[in-house]
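**Q** Not my notes, these are from TrEMBL:
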ACT_SITE  LYS83  active site, charge relay system
ACT_SITE  SER158  active site, charge relay system
ACT_SITE  SER182  active site, acyl-ester intermediate
DOMAIN    28-475  domain 'Amidase'
Amino acid sequence: MSVSTDLITLSAAQMADKLAAGEITSVELTQAHLDRIAAVDGVVHAFLHVNTEEALAVAAEVDAARAAGQSLHRLAGVPIAIKDLIVTVGQPTTAGSRILEGWMSPYDATVIEKIRAAKLPILGKTNLDEFAMGSSTEHSAFGDTHNPWDLDRIPGGSGGGSAAAVAAFEAPLALGTDTGGSIRQPAAVTGTVGVKPTYGGVSRYGAIAMASSLDQIGPCARTVEDAALLHELIGGHDPKDSTSLVDPVAAFAAAAADGDVTGLRIGVVTDLQGEGYQAGVLDRFGEALDLLREAGAEIVEVSCPHFRYALGAYYLIMPSEVSSNLAKFDGVRYGLRTLPTEGPLTIERVMAATRAAGFGAEAKRRIILGTYALSAGYYDAYYGSAQKVRTLVQRDFDAAFERVDILISPTAPTTAFRLGEKTDDPLAMYLNDVATIPANLAGVPGLSLPSGLATEDGLPAGIQLLAPAREDERLYRAGAALERLLVHRWGGPLLAQAPDLAEAASLTTTGGDK
Ligand code: GLN
């Protein structure tokens, strides 16, 4: 392996240590990632925009500051990729949609301000399903992202670009957003770690809103400790987000460092397994439970009887909020403007032509569904009922957390499916989120980490830990402990078993078979 290949396979924490010790510079580290992007992103397509010059300039700044003896953030100089739903000055933000193609934000999201203040070079913006609607990244207006484990398969969604970038060693860290699972499910199918923080734990200011009562920005990484470090950096109160919690950010990285499950009561959600779950996913899940038991955790079964209605409630509440949040994309204020080809040039007709041309099929489907659910006459039957179910799901969590400290389930029912397999079947696509959605409805935090490779297809499966609101720290403590046990069993990180992408990329560029 070349020096730069070795560098990019380190964890973000290890990179930070090498930077602090003066063994490497941030310019070297950032260049190594840019080289990797140049080498493999042609086949992965995780990035919509690569921010070469600015990333190297920030890296040089970090190196100079370090040489001058300035005190720096632990992650200073460690590069990061950003889901293209989060607004950034100086780089385009598309939300994966034609309607925002070429749009440049005049301001930074709060999480971006924090990342800039801590001096993490931003490598670029990653691909996603349009406005974060989807589970496969196939709803992006700018092409598919490919799963680094098997380039014919989906990387999950909506944040498939961020997860694939991290899995393909194009970035050690990335930001995602999770409305119904878009950080955790891509993590599960790419063998990476993803966390949806407690609702309000990370500012949403500058994350283009999909469904405001469900959306949450969170970390994508290759280890639990790395996710904890990034979460600590981006978390905390923000007066610009009225739903932001005022709590101080807990010591997530310290919790990950002393990862422990001794005496922890862990509840297996019986409603999130069984029918529809792939055998290999359940096998790896069961083995992880055995490891936790051997390590001193108490494993009990817990039923959350209303979880079975969560998916249905989500697919009414989320589109209702989508229909309202996406009303502002009208050809007047942002991005695309399309003029009607015939008839009078009225403002309504310009808006209609712009929205017809700018939104993809899934965005339109959800806008129509949400508008219908909110319409007078149907409001109580659909939106009102869904909100009641949401309360019942929250009560299931409350009751479960009286009995146990954390809950556990597979993250997604299956491993990565093939590109194109579910694009014509929205309901099959929606079913991917069956295990991740309850956390968004209740606002509680969730962490996904790899549980191993499913025997039948050799692809990564994910395991999800859930904690009560504001107890994200528990996820890092337990998640890091489980990760340690699993890595020991695998004899090294799971991603070390992923195929060599550089080879696939060179075969493609030389015209060989994939
Ligand atoms: N896959 C889910 C959906 O399509 C979740 C999306 C998300 O979390 N942004 O709505």
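Note: Cβ is positioned from N, Cα and C throughout, glycine not excepted.
Please treat TrEMBL annotations as automatic predictions, because they have not gone through curation.
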**Q** Should SER182 (active site, acyl-ester intermediate) be counted as helix, strand, or coil on the basis of DSSP?
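**A** Assignment for SER182 (active site, acyl-ester intermediate) reads coil.
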**Q** Which residues, sitting 6 or more apart from LYS83 (active site, charge relay system) on the same chain, put a CB under 8 Å from its CB?
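**A** Expected: LYS125, THR126, LEU128, GLY159, GLY161, SER162, ALA174, LEU175, GLY176, THR177.
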**Q** Let me know how many other Cβ atoms fall within 10 Å of the Cβ of the residue listed as 'active site, acyl-ester intermediate'.
**A** 36
**Q** Pop the Cα-Cα gap between SER158 (active site, charge relay system) and SER182 (active site, acyl-ester intermediate) into the table, whole Å please.
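**A** Given the Cα positions, SER182 (active site, acyl-ester intermediate) is 5 Å from SER158 (active site, charge relay system).
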**Q** What is the Cβ neighbour count of SER158 (active site, charge relay system) at a 10 Å cut-off, with all protein chains included?
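**A** Neighbour count, Cβ to Cβ under the 10 Å cut-off: 34.
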**Q** Please report the DSSP secondary structure of LYS83 (active site, charge relay system), reduced to three states.
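**A** Reduced to three states, the DSSP call for LYS83 (active site, charge relay system) is strand.
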**Q** Averaging the per-residue pLDDT over the domain 'Amidase' (28-475), what integer do you get?
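**A** In the predicted model, the domain 'Amidase' (28-475) has a mean pLDDT of 97.
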